[in-house]
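Asker: Below, the features straight out of Swiss-Prot:
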- GLU49: active site, proton acceptor (ACT_SITE)
- ASP60: active site, proton acceptor (ACT_SITE)
Amino acid sequence: MSRYDDLFARLDTAGEGAFVPFIMLSDPSPEEAFQIISTAIEAGADALELGVPFSDPVADGPTVAESHLRALDGGATVDSALEQIKRVRAAYPEVPIGMLIYGNVPFTRGLDRFYQEFAEAGADSILLPDVPVREGAPFSAAAAAAGIDPIYIAPANASEKTLEGVSAASKGYIYAISRDGVTGTERESSTDGLSAVVDNIKKFDGAPILLGFGISSPQHVADAIAAGASGAITGSAITKIIASHCEGEHPNPSTIRDMDGLKKDLTEFISAMKAATKKV
C-alpha cells in the first residue's frame, strides 16, 4: 500500500478526513521552510502539498504568487527543492508528500529524469496544475515508471468525460476544486452545490477526493467533509500567515522576523482546520 492508501485507511477508521496544507519550498528560505513544514505536521497536518517555486504561476492567485517570488528571491532552484524534500522525508517517513509543480519543469529536465528525481527524493505524488488530464498521458506514463502518483485537477464545472478521465488517471487522490479561477482566499470557497461536485466525481470510482481552492476556515473544511470529500487542501490562508511574519522587499531575499510567533499562529490555524475534519 502507498502512503496515501495507508493514510486514508487510517483516517477512515478514525472517522476523520485529511487536512493537507500547501507550503512553498524555500519560502522565504530552505531552513525557514523546513521549520514551517515541521510545525504544520506537528500541529496535525495529515499530508503535505509542497510547491516548487516558478516565475509564472498561472494557476495561483496573488498570495501564493508572492510566495513563489519570495522563494526565488532567496535563490530557490529545482535542485534545492529536491534536497528539501529529502530532508522532510528523512524526518517524517510516513507522511505523504505531494508536489505542486508547473509543467515547464518536467519539460526542461526531461520527463523520465524529472519523475525519477522526485521519487528518489521521497515525493509520493505530483500535480502539474497547468497540465489538464487530456494532455496527461506522457506525464502519467513517466510518473508510473518512477513510482509517483500523478494527480489531476477535477474542475468544478467539468464535463463527465473530463471527470471520468481525471478519475482514471489520478492515483493517490483527486484534487477537486470548489469553484473556478485561481487559488486563494481572495475568493473564498463556495459550499453551494458541493455535494453535487463530489458526487459527480465519485460516480467514476476513482481515488479519494481532496477539495481545494479557497479553503480558508474550519467551516469550509467541515463542509467539504460533509459533502463527502476525503479531506481538504489549504494554501493561500497558510501562505498569508507566513507572509505576515516575513520582512524584506523584492528583489531582495526575505526572512521570518519572528519564527516563534509564526509557529504559534500556524499551530493554532492548522489545529483548528484539522479538528474540523472529524466526521459527524
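Quick reminder: no glycine exception, Cβ is built from N, Cα and C everywhere.
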Asker: Using a 10 Å radius around its CB, how many other CB atoms surround ASP60 (active site, proton acceptor)?
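Answerer: By my count, 25.
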Asker: Once near-sequence residues are set aside, which residues in the chain of GLU49 (active site, proton acceptor), 6 or more away, have Cβ atoms under 8 Å from its Cβ?
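Answerer: The answer is VAL20, PRO21, PHE22, ILE23, GLY98, MET99, LEU100, LEU127, ILE233, GLY235.
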Asker: Could you tell me which three-state DSSP class ASP60 (active site, proton acceptor) falls into?
Answerer: coil
